[in-house]
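Peer 1: Below is the structure I would like to discuss, written out as structure tokens.
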Amino acid sequence: MRKYGLNNITGVLSKNSVAAEQDNIESNRPDPNVRQEDENTERGNWSSKREYMLSMIGYAVGLGNVWRFPYLAYKHGGGAFLIPYTIMLAVAGLPLFFMESSFGQFCSQGPINVWKAVPILQGVGITMMLVSIFVAIYYNVIIAYSIYYLFASFQYPLPWSVKDCSSTAYNITTASLNVTSENQTCQNEFSAGQSPSEKYWDEVALQRTSSMNETGPVVWHLALCLLLAWILVGGALFKGIKSSGKVVYFTATFPYIVLFILLVRGATLEGAKDGIEFYIGSKSNLTKLADAEVWKDAATQIFFSLSVAWGGLMALSSYNKFYNNCYQDSIIVCVTNCGTSVFAGFAIFSILGHMAHVYQRPVSEVFFSGFALAFIAYPDALSKLPISPLWSILFFLMLITLGLDSQFAGIEVIATCLQDAYPKVLKSKRGIVTTAVCIVLFLLGLPCVTGAGIYWVNLIDTFCAGWILLVAGLLEVLGLSILYGGNRFIKDIEMMIGTKSALFWLWWRACWFFITPVVLSIILVWSLYTFTSPTYGSVAYPDWGISLGWCISAFCLIWIPIVAVWKVYKASGGPWQRIKAACSPTEDWGPYLECHRGERYGTSGATDCENIAKSTCAKLVPTDYKAKGGSSKNTDTRG
């Protein structure tokens, strides 16, 4: 038997101490993307308030503002739809948006770690992250579609223009638009739902198979566009918010420039007035307000348009400075988002009105929503304009930038959750984390660029970006208002924005305690009651596809009860004591920095903010905070 002498033992201990020292050095290595002037020198902060606001607006304003809201307004009575839309913004959208952004900013944590406030609901954060993963997979595929159409727009005539009826080639001439005996077949094809732009979408761009059962080969031009989309996302997020905050100066503002240009151009076209009338004009139908479906669609559109319950609002706001006015930010972003939806409708319908005039058909027969609007109807309408490639390039650039903003926040959710879970290991490896996430999601997205890819995209969208978010949002508002305590949460917010009057909080209390949970519950029950198996056009999904969709939904939601049971099991005491402990905040819950914890979250014997080392935090307490009504105890002492 080998004998271990003193020298051997000393050598082993020496090696262990060296390894421990190296681990300590690694965990203490500063994040290269965090600047010394940041308030939070561990996680970092936004470089400026402007970058945060542009990121939030870019996240909230997405493709749905362009291709779904105008359709809902037209479907539900035109201008009359704005009444339930505005009411649902006040009672459901804004309260949830304010709650989430305040929640993330208060503790400077992502959507999983914020639930240290109510540990039994930490599974809600995991659900949010999983939904963000699934949505990121197919959302970048939609951006890839836009990139492909952008490249295809650099030719004249546009390849999806009116075709020669005697062949399968796609050609365009101005004379083809005239209703003559020669092109009557083309008109008949359009009326039968087989327009040239639709054929191009199905047969050239997607190379779509007949059903989900027939996968088909990888469509390589889409695969390359998907790779480019992930390169754009990875490059913008390589340094986290420090790099994405610079990119949003373009991606968040460019869509508004294009929408304005398209609106001005569309308003000068013949037939534009008819399009506007169908959208929001004299044909508004107030009797539609008696239809329950109108209110359900208004609430659903508000909920998904503002991107609440996805985790992105918490992730983005977690990088704010502690005393940022999150209330004011919420109002600005929500109003901007809804105003963008209305504004986009004018730009869309003015040009579709011209398209209806060209085809000599009612606007209702040339208008679609979703993919059909973005990649069939609107490209077809743009092909009728002079200098059509220019308008097509602008339109698809706008779709790309709208999609990228939302995608940035989705990937930020994933990266933030990973870094919050393993801060010692991943704190200084933000670029590596982002690159790894993008590579994995690119590979997972390859089935979405096969011949059956559009079926996968539609399946994930139906089962992952729908009622699951309603469940997460409902548990979130109930958890914070009941389990955590609505009044306690209000005091947390006042630590950041200053003390407000009871009258100020009256509306928010009414929403968080009663109105918002009731609205979300009604929408959730209605959505499940009226749920029908998804289809893509006239193509039905196979049974195994529907089963897979429900499995995806179950995989996202099952972590909520699993984590809840685990938290109760890990607690000590009797059954009631365990449940009570799992519903109570953890010891380390509260503001991330010690100097912000105040008496409410302090520990005995701790010094005040002025005496906490030489942290930059001490210099960042607003001098006018007390003037706003803030408590000196909350800003200057930790008790």
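Cβ atoms here come from the backbone N, Cα and C positions, even for glycine.
TrEMBL feature annotations, pasted as is:
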- Gly58, Ala60, Val61, Asn65, Ser305, Asn337, Leu402, Asp405, Ser406: Na(+) binding site (BINDING)
- 26-43: compositional bias 'Basic and acidic residues' (COMPBIAS)
- 20-43: region 'Disordered' (REGION)
- 52-69: transmembrane segment (TRANSMEM)
- 81-99: transmembrane segment (TRANSMEM)
- 120-151: transmembrane segment (TRANSMEM)
- 218-238: transmembrane segment (TRANSMEM)
- 247-264: transmembrane segment (TRANSMEM)
- 298-319: transmembrane segment (TRANSMEM)
- 331-352: transmembrane segment (TRANSMEM)
- 390-411: transmembrane segment (TRANSMEM)
- 432-457: transmembrane segment (TRANSMEM)
- 463-485: transmembrane segment (TRANSMEM)
- 506-529: transmembrane segment (TRANSMEM)
- 544-569: transmembrane segment (TRANSMEM)
Peer 1: Can you tell me which parts of the same chain pack against the transmembrane segment (298-319), counting only residues 6+ beyond its ends and a CB-CB cutoff under 8 A?
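Peer 2: Contacts with the transmembrane segment (298-319): 40, 43-46, 52, 55-56, 59-60, 62, 64-65, 68-69, 72, 76, 81, 84-85, 87-89, 92-93, 96-97, 100-105, 107-111, 114, 125, 128-129, 131-132, 135, 241, 326, 333-334, 337-338, 341, 406, 409-410, 412-413, 416-417, 465, 469-470, 472-473, 476, 519-520, 523, 527.
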Peer 1: Among the recorded stretches 218-238, 390-411, 432-457, 463-485, which has the greatest number of Cβ pairs closer than 8 Å to the transmembrane segment (81-99)?
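Peer 2: Going through each listed stretch, the top one turns out to be 463-485.
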Peer 1: Do the transmembrane segment (390-411) and the transmembrane segment (120-151) come together with 3 or more C-beta pairs under 8 Å, pairs six or more apart in sequence?
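Peer 2: By the criterion, they touch.
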Peer 1: Below 8 angstroms Cβ to Cβ, which residues of this chain, lying six or more residues outside the transmembrane segment (120-151), approach it?
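Peer 2: Same-chain contacts beyond the ends: 63, 110-114, 205, 221-222, 225-226, 228-230, 233, 309-312, 374-375, 379, 392-393, 396-397, 399-400, 403-404, 406-407, 410-411, 413-414, 417, 441-442, 444-445, 448-449, 453, 456-457, 460-461, 464-465, 468-469, 471-472, 475-476, 479, 483, 552, 555-557, 559-564, 567-568, 579, 582-583.
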Peer 1: Under 8 Å between C-beta atoms and at least six residues away from its ends: which parts of the chain pack against the transmembrane segment (544-569)?
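Peer 2: Distant contacts of the transmembrane segment (544-569): 119-124, 126-127, 130-131, 134, 212, 455, 459-460, 462-464, 467-468, 471, 475, 533-534, 578-579, 582.
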Peer 1: Return the residues near Ser406 (Na(+) binding site), defined as same-chain residues 6+ apart in sequence whose C-beta is under 8 angstroms from its C-beta, sorted by sequence, else 'none'.
Peer 2: Gly58, Tyr59, Gly62, Leu63, Tyr139, Ser307
Peer 1: Which are the residues of the chain, Gly58, Ala60, Val61, Asn65, Ser305, Asn337, Leu402, Asp405, Ser406 excluded, whose CB is within 8 A of where the CB atoms of the Na(+) site average out, their centroid?
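Peer 2: Filtered neighbour residues, in order: Ile57, Tyr59, Gly62, Gly64, Ser307, Thr340.
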Peer 1: Here the binding-site residues are Val61, Ser305; which one has the lowest number of other Cβ atoms no more than 10 Å from its Cβ?
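Peer 2: Least crowded of the binding-site residues Val61, Ser305, by Cβ count within 10 Å, is Ser305.
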Peer 1: Go through the chain and flag residues at least 6 beyond the ends of the transmembrane segment (432-457) whose CB is under 8 A from any CB in it; none is fine as an answer.
Peer 2: 133, 136-138, 140-142, 144, 206-209, 211-219, 222-223, 226-227, 230-231, 233-234, 237-238, 240, 371, 411, 414-415, 418-419, 426, 536, 539, 541, 545
Peer 1: Under 8 Å Cβ-Cβ from Leu402 (Na(+) binding site), six or more apart in the same chain: what's there?
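Peer 2: Listed in sequence order: Val61, Gly62, Leu63, Asn65, Val66, Pro255.
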Peer 1: Near the transmembrane segment (52-69), which same-chain residues lie under 8 Å Cβ to Cβ, leaving out any that are not at least 6 residues past its ends?
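Peer 2: Distant contacts of the transmembrane segment (52-69): 46, 101, 142, 241, 244-245, 248-249, 251-253, 255, 301, 304-307, 312-313, 316-317, 319-320, 324, 329, 332-334, 336-337, 340-342, 344-345, 348, 369-371, 373-374, 398-399, 402-403, 405-406, 408-409.
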